[in-house]
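Peer 1: Pulled the feature table from Swiss-Prot, pasting it below:
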type: TRANSMEM; residues: 43-63; note: transmembrane segment
type: DOMAIN; residues: 71-114; note: domain 'LDL-receptor class A 1'
type: DISULFID; residues: CYS72-CYS89; note: disulfide bond
type: DISULFID; residues: CYS83-CYS102; note: disulfide bond
type: DISULFID; residues: CYS96-CYS113; note: disulfide bond
type: DOMAIN; residues: 115-161; note: domain 'LDL-receptor class A 2'
type: DISULFID; residues: CYS141-CYS160; note: disulfide bond
type: DOMAIN; residues: 162-203; note: domain 'LDL-receptor class A 3'
type: DISULFID; residues: CYS163-CYS180; note: disulfide bond
type: DISULFID; residues: CYS170-CYS193; note: disulfide bond
Amino acid sequence: MNKVFPQGENGYTAAESKAHPGGEAGGGHLCCSRRGACLSASLLLLLATVAALIALVTILGLPSCTPGAQACITLTNRTGFLCHDQRSCIPASGVCDGVRTCTHGEDEDESLCRDVPQSLPHFLVAHCGDPASWIYSDQKCDGTNNCGDCSDELSPVTVCPPCGPGWWRCPSTFFKYCDCIPRHLCRDHVQHCSDWSDEYACPGP
């Protein structure tokens, strides 16, 4: 007498199901599930790594790779140095002056100050008529003889604007100034202009 096995909904008998426990019907789903779990774990690990790197850059305030990204314009409309907080703009002459002005001290960083002016970004440096002399870029066209030969004020390459309202134009007798003197020096009974115009023509401040 033949033994009859009950049939399931899919037409397979119970014996056939037991005879193939690792067949395609069950084993394929298990393999796919394991592969999906591995992919999910790898993706989560990658996302966690990226998030950690972003947090590190944000916390430590790592510097920009390009020196040009550190340039800015100060409140006095002069070239400045942008601190790593991306908010503080300090004067060019405040870089490598021995005083840490930026929060993280990047304005006094060894990479900037190890061989001044060669180690400074180009936007912080202005060259004088004497090739051996240089000044900070914010000292150009400020009315003061910073180069010593007035090339930072009178050179055709410099192209400085005319004397401002707080200045009097004349050939100065003082080494500190070039072709303009501050108006507060007018009519102080001291000759500041070679033509004495500071005492007789300048209306004063």
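Yeah, the Cβs are placed from backbone N, Cα and C, and that goes for glycine too.
Tell me about the surroundings of these features in the structure.
Peer 2: In sequence order, CYS72, ILE73, THR74, LEU75, GLY80, PHE81, LEU82, CYS83 are the residues of the chain that are 6 or more apart from CYS89 (disulfide bond) and have a CB within less than 8 Å of its CB. In the three-state DSSP reading, CYS89 (disulfide bond) counts as strand.
Secondary structure at CYS102 (disulfide bond), as computed by DSSP, is coil. Neighbours of CYS102 (disulfide bond), defined as other CB atoms within 10 A of its CB across all chains, total 20.
Contacts of CYS96 (disulfide bond) defined by a Cβ separation under 8 A and a same-chain sequence distance of 6+ are given as ASP107, GLU108, LEU112, CYS113, VAL116, LEU120, in order along the sequence.
Secondary structure by DSSP for the domain 'LDL-receptor class A 2' (115-161): 10 helix, 6 strand, 31 coil.
In the predicted model, residues of the domain 'LDL-receptor class A 3' (162-203) average a pLDDT of 93.
Less than 8 angstroms from the CB of CYS180 (disulfide bond) sit GLY143, GLU153, CYS163, TRP167, TRP168, ARG169, CYS170, SER172, each of them six or more residues away in the same chain. The secondary structure of CYS180 (disulfide bond), as reduced to three states from DSSP, is extended strand.
Taken residue by residue with DSSP, CYS170 (disulfide bond) is part of neither helix nor strand, so it is coil. Of all the Cβ atoms in the protein chains shown, 21 others lie within 10 Å of the Cβ of CYS170 (disulfide bond).
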Peer 1: If I take the alpha carbons of CYS193 (disulfide bond) and CYS141 (disulfide bond), what is the distance between them in whole Å?
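Peer 2: Each residue's Cα considered, CYS193 (disulfide bond) and CYS141 (disulfide bond) end up 19 Å apart.
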Peer 1: Sort out for me which one of CYS72, CYS113, CYS141, CYS160, CYS193 has the most neighbouring CB atoms within 10 A, since those are the disulfide-bonded residues we care about.
Peer 2: CYS193
Peer 1: C-alpha of CYS141 (disulfide bond) to C-alpha of CYS102 (disulfide bond): distance in Å?
Peer 2: 25
Peer 1: Select the most exposed residue of CYS83, CYS163, where exposure means the fewest other Cβ atoms within 10 Å, treating these as the disulfide-bonded residues.
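Peer 2: Sparsest of the disulfide-bonded residues CYS83, CYS163 by Cβ contacts within 10 Å: CYS163.
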Peer 1: What Cα-Cα separation, expressed in whole Å, is found between CYS102 (disulfide bond) and CYS160 (disulfide bond)?
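Peer 2: Approximately 29 Å lies between the Cα of CYS102 (disulfide bond) and that of CYS160 (disulfide bond).
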